[in-house]
Each structure stands twice: as C-alpha cells, then as structure tokens.
C-alpha cells in the first residue's frame, strides 16, 4: 500500500526496522516480562540489601547514618549470630543424611508398581504437598508434653509422658524428625525416578552372572544412583539451611536459643527489633555462605561418573 | 536379611515372570510377602496417622480430643460424638466464632485470589519466556539464559528481608499486588517448560511460518497445545507453592483483611490460648485444596518433581 521504509537503502529508521531486527525485537518482547521480574525481584533485592547493610536503617525510621562495614563487624562478633549459624548447621547435618537414607529405603521398597505401593506412595507424599505451617502446628500439638499424640503412642509401650519442644536437648532433634517426615517423600520421588532411569539390562546381567540380590543392590544399583543422591543432597542442604517456619511456629528459637536458626534470627532483627540494616547484613552473609556451599557441591557433582 | 533380599530382588528382577514370581509360590516366599505387607502398613500409618488425628479431631468436640488420649485406643483417633462446631467457629457462623471475630472464608478467599493471580500470570509469562529460549533466534541468547538460571541460586527464605525492602519501596507492602507480583515469573518453570518445548519437532512450526502465521500464533496454536501436560504440571506446582506460602505473607501483610489462610491458622487460633479443635479445623481447611488436587492429579505432580527436581 505505502512505500515501505525497507525499500529505501539503509538509512535511519529503515536500517533499524529491517526484517531481521524486527524479528529480534518481537522475540525479545517474549522474554522481557520475565527478565524484568528477575531484575526487580531477584537481583535488585541483593543490591538493596548491600546498600541497606551499610546504613542504619529501619522500616519506620528509614535510612540513617552511613556506617560502612560496622554492621558486618558487629554480627560477625555477635555470639548469638554465630550460635544461629551453628544451630542451622546442626539441623542440616542431622537432617540431610538421614533424609537421604530414609528416602532411599522407601524408594527401594516402593519402586515396584502395584496397588499396595501406590497407596503407601500417596501416604508418604501427603506431607510433601501439605504446607510447612500446617505440619508445624500439627506436630507442635503431637509433641505436647501432656496432651500430645506422641506421648499417647509412647504410653502403649509404657514410656511416661515426655517433654519434647521445651527440653533444650530434644527440641532441635524433634524439629529435625518432623522435617524429615515432611520432606522424605519429596526426595523419594526423585530417587525413584533415578531408579527407573537405570537400564534394566545392568541388573539382569548381574543376576544372570549369579549375583545375589543384595550384591546387585550394593555393587550396581547404588553406585549408579550416586549422581541422583548427590543432587538430592545438594538441593536438600540449601533448603534445610533456610529453615524458618518450624522455628517460628513451634519454638520461637527457644529453649535457650537451641533452635534459633539463622533465617529466624534475621526475621527477629528485621521485623521484631526493627533493625533492617543489621538484618540485611546477616542476609548477605547467609547468601554468601549458601552460594559457596552450592558452587562447591556443584563442583563435586560435575566430576562424577555418568552412565 | 530376607527382607533386604526381597527388596533387592524386586529391583534386580522387576520384569514379570521372573524369579520373584516363582519364589512367591513357596512358603518362604509367602512369609516374605506377609512381612512386606506389614512393612507397607507400618509405612502407611506412620505418614497418615497425624492427618487422621487432625481430620477426626476437627469433627469432634474439643474436650474429646484430650479425654481419650490415655490409654491409646481407637477412641484416641476416631470421634465418639461427631460435631461441626469447630468449623462453625472458624467460619464465624456460631456465636463463639463471632465473638472471636473469626472469618476463615475471608482468608480462604484471599488465598484463592492470590493463587489464581500467580498461577495465571506465571503460566502466561513463563510460557512466553520458555518459548523464547526453546525456539526463537536471538543474539547472545545463552547469556540471557544464564541470567535466568542464576536466579535459582538466590536462596528464597534467606533473602526475604531484601525482597521486602524492594517491594516496600515499590509501594506494594500490605497489598495483593505485593503477594502476586514477585512470583509472576519463575526460573524453574521456564527451565522445565523450555526442556518440554525443545522436544516438539521443529517442522511443525516451520510449516506454520510458511502459512504466514506470526510468532505468537505459532506459540498459541502449535506449541501450547502440544505442551499441555507440561503446563498442567507446572500450574500444579505453582499452585502448591503459592497456596502454601507462609513467610512472605506473614511479613508483607499487616491488615488481617488481606491475610492468606496459611498465616491465619498460625495467628488466629492461637492468639490468647490454643483452641485445638479450631486449629485442626483451620488446618484441614487450609490443606484440603492441595491434598485433593494432589490425589486427583498425582501423576502430573510426580512427573513434575522428577522433571525439575525442585520446589516451586
């Protein structure tokens, strides 16, 4: 209809609106909303936290004096902050290996397809789809020292009522046990997918060669599952290190600070003590720790054998 | 030992008509089968008893929950007198519920609204982005992909204070917008859908180009219909993620009128003293949508988790 700019030889708008550039522009519009989201809600917060960590900053009072690295200095010598890192580390060390072990056992028992295993699989997976807060509220009632279901169950075997969450030595193991119960189905599914991915011929060949079933398990199945198990370990370590909801709902960090995980401590500083500057500095330190852990674990991951 | 053998045997020879089938005929095989069934029952109960206790506790009188704890019998779990009072309380229908100002329908509605907003917007924008990475040509596309994938390394709970600072600065604190906007795109969903779309044969969209269809039409008419299983899976995982969200609404929302149901069960039923019956009823209400969805669409869930291996 009209003389299109394309026909005029490379000049001004004509050059920019070439067919190829127009294609690129339209293509870019497809990804632009996602890029904006990640810039604003994933990367910008880190920069904002870096800035906030160098100022006195509260939600009500806004930005105060520039303090440089003072707040980093303060938290690194804060024994409560170090305690919270220690609590978080203990939680992770208790939880991850046991969870991988239990999920492996469950996956081996439930990999076979029949009606019975389908029922049990659904049961194991129900806590995974339930929210952490429902599970935490439910278990804090189950752990109740007089009115809890667990003490009722223990009474069957003659054990007198126990305190769980108010006992400084038992609170963290009690939280860990609950979170293993909640998350074990999640890693079970991944391990089962891994089991199904192992070519049947390997196991059959071993059986033909006269290997006993447990030898097949130990020498063939488990070594071939190593990559998947590593993957579960890496992701669960990152998740576990950020435990918050059970601490908030069940113990509020007590008794005697024994369950005060680092994310809960950050929450306390930022929202209860209204000190966003210090909370930001703690977030940055935790972020760095987690980045180092994930990069380190991924290195380990990559050097692994594949089949 | 025999159980381990059996389990390992299950895996060693899972094809039908193999040695396990033969072994089942012998008495030793039957014994192993019986032991295996006991193991299955124990596993089943270990994961379901807390839920039964919660569900039946929500439809009995509160005093009954405590009255039958010792000794442990069926009465500990199952109600003798059924009662819907706890539900009437939390939905503010009974006098007791009104006295406490409980209105769980409001929190339920908020959760549905926010979930619908997040699931719909994220399906739209993540599908667009996945299509871009899977099928379109663009200079330095790999750099953009790294930019997207790297956000997976940002730990969500540990950086929630920084996220709050940004969302607050955008004026979205204490609003539905603040609950929805941060989640309209997800690197995990983009990555999973991208893998899915890469497997669709390219001659299909090449044929569409010859028809003169534009990119959006190709996506809508060719790619999306073929990606439906992947999209359903991602919608389920997104729904579960946003429905179960706790920490973010806890800090973002200050007026109770806007609060989501997961926060409400933690704050509304335990303010002065814990009302066990109401807490159970609230927990059941908050869990039912995800558990029902999961039971009906289990296959997609399991695929989705096996596919991405990650939450949300």
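In case you wondered, yes, glycine gets a Cβ from its N, Cα and C as well.
The domain 'ABC transmembrane type-1' annotation in TrEMBL covers B:108-297.
The feature transmembrane segment is assigned by TrEMBL to B:33-56 (among others).
Nonlocal intrachain contacts for the transmembrane segment (B:112-134), taken as residues 6+ away from its ends with a CB within less than 8 angstroms of a stretch CB, comprise 141, 144-145, 148, 176, 179-180, 183-186, 189-194, 196-198, 219, 223-224, 227, 231, 234-235, 238-239, 242-243, 260. The transmembrane segment feature in TrEMBL is assigned to B:112-134 (among others).
Among residues of the same chain six or more beyond the transmembrane segment (B:143-167), those with a C-beta under 8 A of the stretch's C-beta atoms are 129, 133, 173, 178, 181-182, 187-188, 190-191, 247-248, 251-252, 310, 312. Per TrEMBL, the feature transmembrane segment maps to B:143-167 (among others).
The feature transmembrane segment is assigned by TrEMBL to B:179-197 (among others).
As annotated by TrEMBL, transmembrane segment applies to B:218-239 (among others).
The transmembrane segment feature in TrEMBL is assigned to B:245-267 (among others).
If you look at the transmembrane segment (B:279-301), the same-chain residues 6 or more away from its ends with a CB under 8 A from one of its CBs are 54-55, 57-58, 65, 86-87, 89-90, 104, 108, 111, 229, 232-233, 236-237, 239-240, 243-244, 261-262, 264-265, 268-270. Marked as transmembrane segment by TrEMBL: B:279-301 (among others).
Outside the transmembrane segment (B:245-267), and at least 6 residues removed from its termini, the chain residues within Cβ reach (under 8 Å) are 104, 106-108, 110-111, 114, 157, 160, 163-164, 167, 173-176, 178-179, 182, 279, 282-283, 285-286.
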